[in-house]
Amino acid sequence: MKSFSSPSNSSTITGFILLGFPGPREEQILLFVLFSTVYLLTLMGNGSIICAVHWDQRLHTPMYILLANFSFLEIWYVTSTVPNMLANFLSDTKVISFSGCFLQFYFFFSLGSAECFFLAVMAFDRYLAICRPLHYPTIMTRRLCTKLVVSCWVLGFLWFLIPIIIISQMSFCGSRTIDHFLCDPGPLLALTCKRAPLIELVFSTLSPLPLVIPFLFIMGSYVLVLKAVLKVPSAAGKRKAFSTCGSHLAVVSLFYGSVLVMYGSPTSEHEAGMQKIVTLFYSVLTPLLNPVIYSLRNKDMKKALQKFLGT
């Protein structure tokens, strides 16, 4: 990795300053307590789903195996940003090391990409369950489910590997301040000593693909699901079919709704404050809400959680 230096090369700096949410000391402590609580609740919620699926034999099906992996991913997704953000609330310098910044950048976007792939695979699972119910057990086998899970993890972590290596080798000059609570590519590329149009083009081309391709796949799956459900003669049958998709659709809407607001238009159109709020929603609040959505809307999960928690 190249060092971060001033234009005159008179000094060498080993990190960046993440401004986060600037304010008086009392406000920083309040935010620390708030986000510490959110983080702990997120770990507990997603951890409970993993444990419920692991210990309840009735949940050893592809749908719940995918959900357990998704919850495991959510734990690491929120862990890629929140602990550093909490440390910054109590820090006077708010410095993140050069390597720490790029590691956060890599894990945050890799886990986000893996989340998109998992949402697409979960949509495929619901499509098979509703549109191909008789063939579902023979198609969605444990072996296929395992392959899909591994593919989501591998694709997510390989997607940004080359771009992040290239960007980390660049030289950074001038201000080392990033007006965000995480190492986002936009502010990072703005700090480079020399514009690199080719790298910016590669990154701007690769970045949307893990969002767009799974999103189109999810929408296509649910169009077919909707067609199949509308052909069901009884109202009770339609409600049952929709209920199996309701939780997943709610999670997709929360995640993609906020992400598309953030990345669906040029970064310059967003003020720094709005960027932080939208990023907070899909990176911190969504992982908190997902276990609540799945446990409230799914009777089997609710029973398993009650059994696991001993209530």
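For all residues, glycine too, the Cβ spot is worked out from N, Cα and C.
Because the structure is a prediction, the values reported are computed rather than measured.
Listed features, source TrEMBL:
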{"type": "DOMAIN", "residues": "45-294", "note": "domain 'G-protein coupled receptors family 1 profile'"}
{"type": "TRANSMEM", "residues": "29-52", "note": "transmembrane segment"}
{"type": "TRANSMEM", "residues": "64-83", "note": "transmembrane segment"}
{"type": "TRANSMEM", "residues": "103-124", "note": "transmembrane segment"}
{"type": "TRANSMEM", "residues": "144-167", "note": "transmembrane segment"}
{"type": "TRANSMEM", "residues": "211-230", "note": "transmembrane segment"}
{"type": "TRANSMEM", "residues": "242-265", "note": "transmembrane segment"}
{"type": "TRANSMEM", "residues": "277-296", "note": "transmembrane segment"}
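By the Cβ criterion (under 8 Å, sequence separation of 6 or more), the transmembrane segment (103-124) is not in contact with the transmembrane segment (29-52), since fewer than 3 such pairs are found. In the predicted model, residues of the domain 'G-protein coupled receptors family 1 profile' (45-294) average a pLDDT of 87.
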